[in-house]
Structures are given as C-alpha cells and as structure tokens.
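Peer 1: Sharing the features that Swiss-Prot gives for it:
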type	residues	note
TOPO_DOM	20-724	topological domain 'Extracellular'
DISULFID	Cys51-Cys476	disulfide bond
COMPBIAS	98-107	compositional bias 'Basic and acidic residues'
DOMAIN	150-389	domain 'VWFA'
BINDING	Ser161, Ser163, Glu259	Mg(2+) binding site
DISULFID	Cys271-Cys311	disulfide bond
DISULFID	Cys448-Cys474	disulfide bond
DISULFID	Cys502-Cys511	disulfide bond
DISULFID	Cys527-Cys543	disulfide bond
DISULFID	Cys537-Cys548	disulfide bond
DISULFID	Cys574-Cys585	disulfide bond
DOMAIN	598-636	domain 'I-EGF 4'
DISULFID	Cys605-Cys619	disulfide bond
DISULFID	Cys613-Cys624	disulfide bond
DISULFID	Cys626-Cys635	disulfide bond
DISULFID	Cys638-Cys641	disulfide bond
DISULFID	Cys654-Cys666	disulfide bond
TOPO_DOM	746-806	topological domain 'Cytoplasmic'
Amino acid sequence: MVDSSTVLIFLLVLGGGQSELDTKITSSGEAAEWEDPDLSLQGSCQPVPSCQKCILSHPSCAWCKQLNFTASGEAEARRCARREELLARGCPAQELEEPRGRQEVLQDKPLSQGDRGEGATQLAPQRIRVTLRPGEPQKFRVRFLRAAGYPVDLYYLMDLSYSMKDDLERVRQLGHALLVRLQEVTHSVRIGFGSFVDKTVLPFVSTVPSKLHHPCPSRLERCQPPFSFHHVLSLTGDAQAFEREVGRQNVSGNLDSPEGGFDAILQAALCQEQIGWRNVSRLLVFTSDDTFHTAGDGKLGGIFMPSDGRCHLDSNGVYTNSAEFDYPSVGQVAQALTAANIQPIFAVTGATLPVYQELRQLIPKSAVGELSEDSSNVVQLIMDAYDSLSSTVTLEHSPLPPGVSISFESHCKGPEKTEGEAGDRGQCNDVRVNQTVDFWVTLQATHCLPEAHVLRLWALGFSEELTVELHTVCDCNCGDAQPHAPYCSDGQGDLQCGICSCAPGRLGQLCECSEADLSSPDLESGCRAPNGTGPLCSGKGRCQCGRCSCSGQSSGRLCECDDASCERHEGILCGGFGHCQCGVCHCHANHTGRACECSKSVDSCVSPEGGLCSGHGYCKCNRCQCLDGYYGALCDQCLGCKSPCEQYRDCAECGAFGTGPLAANCSVVCADVNVTLTLAPNLDDGWCKERTIDNQLFFFLVEHAASGIVLRVRPQEKGVDHTRAIILGCTGGIVAVGLGLVLAYRLSVEIYDRREYRRFEKEQQQLNWKQDNNPLYKSAITTTVNPRFQGTNGRSPSLSLTREAD
C-alpha cells in the first residue's frame with residue numbers, strides 16, 4: 001500500500017512544488033513569507049516580514065503596527081513601506097513605528113576666556129549622546145574659542161652628538177630668554193630639557209671601551225659616553241634651573257650620520273609623569289643637524305624586537321631598553337604624539353630641512369623651522385612655530401568602531417566652509433585670539449553596534465575634549481507586546497508590532513491552523529481560482545491555511561493584483577507621480593496617463609506674449625503640439641517665415657548703430673521696438689548673429705517684455721587689421737624654423753665628425769707596430785744530412801738541396 005505522504009510528494013512535483021508544506025514556519029512567524037524585491041528599486045524601501053528588519057533595511061522605511069492593516073491575502077511584509085505610502089493606504093500616524101536617530105546634549109558649558117587662560121572653556125559642548133539609525137546621518141555642531149594666554153609646557157629635546165657642540169653653548173644660555181618671550185603670550189609657562197645621541201651598539205656607536213668612555217675626537221675635550229635618551233630636567237618654571245642643568249651637559253659622539261631622535265620623541269611622549277606634562281598646550285622642540293633612524297634600522301645592530309610603545313626610563317631618566325627594541329616607525333611616533341596631545345617643533349639645519357618638511361606632512365599639527373649653525377635663532381624659531389601652531393585649530397577624533405564613518409565641515413570665517421572627506425579632520429587656519437570657529441560633524445552607521453561606543457573629539461594641542469556617547473537604534477519599540485494574545489486565534493501566538501508570532505505547531509497569519517492540516521485539499525482549494533485550474537495563489541504567493549500569502553508587491557485574495565506591474569515612465573513606476581494598485585497607476589491630482597507621465601499644467605506652453613503655443617497649436621502634457629507648417633517648442637516658427645533674428649535684424653542695426661536699410665526712418669518703422677546696448681559676458685545659443693550692411697558682425701538678443709519687444713545689442717568691437725602681422729609672422733616663422741633645422745643639421749654633423757676624428761686619433765696612438773713572420777709561409781730550402789758519411793774533420797757534411805716550393 002502506498003503511503004499517503006508519498007502520494008502527496010508526487011502531487012507536489014506535478015504541481016510545480018507549491019504546497020502548504022513550503023510554508024512551515026518557526027515560532028518567529030517569519031519564514032511564511034518570502035522576499036521578492038523589485039530589482040529596479042534597489043536602495044528604496046522593500047517589503048520585509050518584521051519590524052526590526054524593516055527599519056534596518058533602509059532609513060526611509062516605516063512599519064505599520066495597526067491590527068488588521070493588511071488586506072486578505074496580503075503579506076504582512078506590506079506593513080513595511082515609506083511613511084507617505086503607509087499613510088496613503090490608511091495607516092494612522094500614531095500606528096507608525098519609525099524610530100529616528102537623535103542627539104542629546106549632556107553637558108554644554110558656555111565658551112569663555114577664563115582668568116588669563118586659566119579655567120578657560122574653549123570647546124563646546126563637552127558631552128553629547130548620539131543615537132544612530134543605520135543609513136541615516138546625524139549632524140551636530142562643535143564650537144571652539146581661541147582663548148588668550150593659554151598655559152604652555154615646552155620640552156626642549158636636543159641632539160648631543162659631537163657636531164652640535166657649538167649649539168650646546170647657545171642652549172646653555174637659553175632658559176631666561178625663552179621664558180621671557182613665552183611669557184609675552186602666556187603667563188603660565190614651564191620648560192624642560194632632554195637629550196639624545198643613538199643606540200649604544202655597533203654600527204651606531206663605537207664599542208671599543210676607550211671610545212665608549214670618551215667618543216669625542218680630541219682627548220682634551222669634555223665628552224660624555226654615548227646614550228640613547230636622557231631626560232635631564234622635568235618641566236619647571238625656574239629659568240635658572242634650566243640653565244644650570246643644561247650647563248652640566250656635554251656633547252657625546254656616534255659613528256653614523258642619522259641620530260636616534262625617534263627613540264627620544266617616543267619616550268618623551270609616553271613617559272608623561274616623568275616629564276611632568278600638565279593638561280595644557282604641550283610643545284616639544286626637537287633640535288638636530290642630521291636625519292633620524294626609523295623602524296628597521298635596528299636590525300643593523302642585531303635588534304629585531306619592534307618598539308613596544310611603553311615608557312622605559314629608569315630612576316635617572318635614562319632610556320635603558322634602547323639595545324632591546326628597534327627604533328619606532330613614523331606612524332608610531334605620530335600616534336604617540338597625537339595621543340599625548342603634543343605638538344612637535346622640528347628645529348633643524350638647512351641640509352636636513354627637506355627631510356623634516358616631508359616628516360611634517362605625516363605628523364598632525366607639527367612645525368618645521370631652519371636652525372642656524374650655532375642655534376642663535378632658536379628662540380625666534382620657537383616663537384614663530386608657536387604662533388603658527390596656536391592659530392591652527394585641528395579637530396581630531398579617536399578611532400571609530402567598525403561600520404561608523406565621520407566627516408567634517410569647517411566653518412572658519414562666517415558662512416564659508418571647507419568640507420573634509422570621511423575620516424578626515426576638521427581644520428581652520430589663521431584663527432585669531434578671541435575668535436570662534438564652528439565644526440559641523442556628521443556621523444553615520446552602516447549597521448548596528450554590538451554595544452555603546454565612546455568617541456572623543458578634541459582640538460590638537462589643547463587639553464579639552466568632547467565625549468560622544470555613540471548608540472544605534474536597531475529594534476522597534478511598538479509597545480504592544482502581548483504573549484498569548486487573544487488576537488492570535490485565542491492565544492495561539494504572541495502579538496508584537498501588529499503581527500502574530502505563532503506557537504510551535506501553529507501556522508497562518510493569525511495562527512489559525514496547525515501543521516496537521518497542511519495536506520488538506522479543502523485548504524488548498526481556497527488558494528485556487530473557482531474553476532480549480534492554475535497555480536496556487538496565481539503563482540505569486542504561497543497557500544497558508546487556506547489563504548494566500550502573497551509575495552513582494554502582490555495582493556488580492558489569490559494574489560492576482562501586482563502593485564509593481566504598472567507602466568513606467570523614464571524607468572520610474574507611474575512616473576513618480578502616482579502609486580500602483582493592482583497593475584493600474586492612480587495618478588496625483590495634476591497628472592494623468594497610463595504611467596502618470598502627462599502633466600495637466602500648461603506653464604511650458606505659454607509664449608512670452610501670453611498666448612498658448614503662440615496660437616499655432618495646442619498644449620498636451622505640458623508640451624506644445626504644433627499645427628502643420630509650424631514648429632518649435634512654442635510653435636513660434638514656421639516654414640518660409642522669418643526667424644526672430646531675421647525679423648528684427650534691421651531694427652537692431654539702425655537702432656544701435658544708425659546704419660542699415662532702415663536708418664532713414666528707424667524711429668517710425670521700429671517704433672514698437674526698444675533697442676539697448678549691453679555688454680554680455682558670454683554669448684549662448686539664444687543670441688542672434690547677423691552682419692551689418694558693410695559686412696560687420698554684430699550680436700543681439702530678442703526679448704519679449706510687457707512693454708513690447710526689447711533688443712539687447714552687443715556693441716561692435718573695433719579691432720585692428722592684423723593681416724600684415726599674421727603674414728609677416730608666418731613667413732618669419734617658416735624662415736626661422738628652416739634656418740633652425742639647417743643649423744641643427746650642421747651642428748649634429750660637426751659634432752659627429754669631431755667625435756669620429758678623436759676616436760681615430762686615439763686608435764692611432766694605441767697602435768704598436770712590430771716585425772713578425774707570416775705563419776703561413778714555408779721556406780723553399782731543405783737541408784738533408786747523410787749519417788754514414790765521415791768527413792776529414794769528423795763532421796758529417798750536409799747536403800743542401802734546393803727545390804722550388806709548390
């Protein structure tokens with residue numbers, strides 16, 4: 001006997017596989033509806049089966065939570081649409097669930113100068129909460145006031161290699177002069193001092209014991225052993241202490257040209273307690289006469305461990321781990337300076353200035369100045385750099401969480417603005433004391449954040465910051481959650497946001513049927529046409545508990561209506577001037593047509609004289625339909641008729657220049673024409689181009705005014721006849737080019753001949769003539785000796801035979 005489930009599966013295959021078996025759903029109630037979005041409407045609001053998915057699908061989407069909002073056979077996903085569409089379909093405004101992003105200012109102390117810079121409020125607001133809906137930007141304003149006399153901490157970091165010997169003598173007397181100059185702009189200033197040379201390993205310094213003890217060239221000079229970085233003096237307001245500690249310093253020495261300045265900068269930025277940085281403007285003056293080592297150079301000395309980005313100063317202020325960690329990279333240095341809110345000033349000699357100017361592009365809010373050979377201009381250099389850095393306001397941000405973007409609009413001088421790219425900084429230059437600048441910050445999220453994120457915004461070089469509490473809205477707050485709701489078939493499901501989430505084993509829009517009823521033919525009959533033929537739900541949905549659950553934009557008892565099948569105009573459904581309902585466009589009040597493509601307005605058909613299509617046609621869909629023989633946008637032109645340019649040419653000529661065929665009676669013939677001279681900046685297609693009776697070109701524009709015809713004529717430009725100059729110039733140019741080619745040819749031949757002659761002379765000098773035999777020559781004389789013949793003197797005479805060579 002054949003199992004009933006086998007028969008059912010066989011029938012499903014014959015019927016295209018559409019059955020209630022396809023509609024089994026979980027307790028969430030979402031799998032009963034499929035998604036079939038119109039691909040031509042990607043990026044707009046598409047039907048989705050839940051409120052949460054709806055608000056996350058597109059920022060323009062809203063959800064109608066009204067009970068019984070969807071019609072019979074209409075998918076619950078139709079609750080998701082644009083606000084205007086839902087209101088037009090009868091959803092009350094109070095039943096719309098459309099959470100929006102929002103902002104809440106938590107702390108906003110007013111901007112103030114404070115007492116001589118102390119206690120100033122330069123950045124406002126101080127704390128804000130921003131809630132983002134994915135895809136929807138949120139924009140808020142940040143204000144900055146440059147206060148006068150803002151406190152400054154300045155740390156002087158000096159290269160003490162031997163080549164900086166004369167510079168050290170200047171710096172020993174620097175403390176008082178530097179404090180005096182800085183106190184001119186701020187009453188609260190502190191200075192500190194640190195020095196550097198290089199890593200104490202080969203090949204950076206000599207490891208010969210005597211050289212390690214005294215690396216200077218002369219044994220008579222005062223010299224200290226090489227070191228990487230030494231923090232000498234913490235930040236202080238005592239100028240005498242600065243000069244006293246610097247006076248105790250001596251130069252050192254190393255082998256290679258680049259110095260270990262990056263190690264020193266990184267430690268000065270990381271060891272904030274040892275340096276004594278306050279929460280004020282921080283300046284780091286870096287002086288050197290050479291370039292710097294960077295990440296990877298340490299491998300030359302057998303150092304492979306990358307810099308760990310931590311402070312490694314001992315109790316004496318010496319960087320003790322220089323032989324263990326490689327030099328930091330430019331990115332590490334820039335990140336450490338930015339995190340510590342330190343503004344570096346690179347005071348370097350002219351030979352290395354281009355290198356540090358390139359480095360300046362990679363480190364935010366840094367300055368570069370050219371140092372004289374003996375550092376005599378260092379005070380003025382520092383003051384110039386301080387003025388430049390203080391007048392530049394750069395709004396920086398902490399790292400963003402994944403999926404969140406940021407952009408800036410900098411309003412530096414009134415309404416003028418400079419837009420930055422996403423992730424860029426806001427910046428204003430040349431900001432004066434007591435001047436306020438605005439930054440508009442835009443935040444946008446692409447998806448939900450797993451948890452709240454704290455974002456910091458601050459102006460580089462200043463201590464204040466704005467804290468942004470970043471949240472995302474990713475769920476609906478319908479307020480109608482009801483477990484075992486009577487609305488859902490007497491408690492067969494939970495009600496939330498207007499739809500039922502069925503209990504296990506229950507199905508349907510209202511959880512009205514069970515899984516045991518899926519194979520009932522009576523249920524499927526409710527999803528077919530009365531004649532019993534055709535696919536279930538017209539092939540546009542699924543049969544669910546004897547009722548059709550339609551997909552996409554389909555609706556109706558049998559999903560026979562498709563709200564996305566209406567005609568389109570210029571690729572837009574119903575031309576954008578109506579809504580589609582069951583395959584028919586229902587147009588707005590001022591439009592008509594199968595695709596609402598026809599406007600009932602006649603504004604584009606009215607001619608300047610006030611007539612409709614110039615009296616030579618009729619207006620249809622806000623466009624003139626001309627009668628036979630007429631053409632033009634307003635039917636104002638005809639075959640054989642004069643164009644406006646031809647019609648008013650003589651009046652324009654006589655009225656503007658007093659010439660032409662109408663010059664004698666211009667005021668009579670052209671009485672209804674007003675001619676004015678004008679200097680048009682450019683001539684577009686509307687200007688007439690005609691010639692006067694003496695063949696001079698002129699331009700005029702025909703305008704229709706209430707008082708009559710107005711001709712705007714452009715005055716003739718009196719030019720100079722350049723014919724002779726053009727002819728002479730062309731002739732002279734041809735002659736000059738010819739002479740140039742001949743001279744170039746003769747010059748190339750002369751150069752070639754001289755080169756060949758020199759080569760010939762060189763070969764003659766290298767010749768070494770000597771006499772030698774021809775290896776192919778064979779002598780014609782042959783000598784033969786008779787071994788048995790004994791002469792009188794005991795010698796065997798030789799017999800010489802002469803033969804001719806072949």
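Including glycine, each Cβ sits where the backbone N, Cα and C put it.
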Peer 1: Would you mind sorting out which of Cys476, Cys537, Cys619 (the disulfide-bonded residues) have a C-alpha within 10 A of the one on Cys543 (disulfide bond)?
Peer 2: Cys537
Peer 1: Based on Cβ atoms within 10 Å, give me the single least packed residue among the disulfide-bonded residues Cys51, Cys311, Cys613.
Peer 2: Cys311
Peer 1: For the domain 'I-EGF 4' (598-636), DSSP counts of helix, strand and coil?
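Peer 2: DSSP classes over the domain 'I-EGF 4' (598-636) add up to 6 helix, 14 strand, 19 coil.
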Peer 1: What does the DSSP secondary structure composition of the compositional bias 'Basic and acidic residues' (98-107) look like, as residue counts for helix, strand and coil?
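Peer 2: Helix (H, G, I), strand (E, B), coil: 0 helix, 6 strand, 4 coil.
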Peer 1: Which has the fewest other CB atoms in a 10 Å radius around its CB: Cys474, Cys476, the listed disulfide-bonded residues?
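Peer 2: Each of the disulfide-bonded residues Cys474, Cys476 was scored by Cβ atoms within 10 Å; lowest is Cys474.
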Peer 1: Can you give me the same-chain residues 6 or more apart in sequence from Cys654 (disulfide bond) with a CB-CB distance under 8 Å?
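Peer 2: Within the chain, Cys654 (disulfide bond) has Cβ neighbours under 8 Å at Gly660, Pro661, Leu662, Ala663, Cys666, Cys670.
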Peer 1: Within 10 Å of Cys624 (disulfide bond) (Cα to Cα), which of the disulfide-bonded residues Cys311, Cys476, Cys511, Cys605, Cys635, Cys641 do you find?
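Peer 2: Near Cys624 (disulfide bond) by Cα: Cys605, Cys635.
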Peer 1: Are any of Cys271, Cys448, Cys502, Cys574 (the disulfide-bonded residues) within 10 Å of Cys635 (disulfide bond) when you go C-alpha to C-alpha, and if so which?
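Peer 2: If one measures from the Cα of Cys635 (disulfide bond), no disulfide-bonded residues come within 10 Å, so the answer is none.
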Peer 1: Give me the sequence-ordered set of same-chain residues, not including Ser161, Ser163, Glu259, with a C-beta within 8 angstroms of the centroid of the Mg(2+) site's C-beta atoms.
Peer 2: Asp159, Leu160, Tyr162, Met164, Val197, Asp198, Asn254, Ser257, Ser288, Asp289, Asp290
Peer 1: Cα distance, Glu259 (Mg(2+) binding site) to Cys638 (disulfide bond), nearest Å?
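Peer 2: So the Cα of Glu259 (Mg(2+) binding site) lies 86 Å away from that of Cys638 (disulfide bond).
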Peer 1: I want to verify one value. Collapsing DSSP to three states, which class is Cys585 (disulfide bond)?
Peer 2: strand
Peer 1: Return the count of C-beta atoms lying within 10 angstroms of the C-beta of Cys502 (disulfide bond), excluding that atom itself.
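Peer 2: Taking every protein chain into account, the count is 26.
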Peer 1: Roughly how many Å separate the Cα of Glu259 (Mg(2+) binding site) from that of Cys537 (disulfide bond), to the nearest whole number?
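Peer 2: Roughly 81 Å, rounded to the nearest whole number.
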Peer 1: Reduced to three states, what secondary structure does DSSP give Cys574 (disulfide bond)?
Peer 2: helix
Peer 1: What's the most sparsely packed of the disulfide-bonded residues Cys548, Cys626, counting other C-beta atoms within 10 A?
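Peer 2: Output over disulfide-bonded residues Cys548, Cys626: least Cβ neighbours within 10 Å is Cys626.
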Peer 1: Let me know the DSSP-derived helix, strand or coil state of Cys474 (disulfide bond), please.
Peer 2: coil
Peer 1: Count the Cβ atoms, other than its own, that fall within 10 Å of the Cβ of Ser163 (Mg(2+) binding site), considering every protein chain shown.
Peer 2: 18
Peer 1: Mean pLDDT for the domain 'VWFA' (150-389), rounded to an integer?
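Peer 2: 88, rounded to a whole number.
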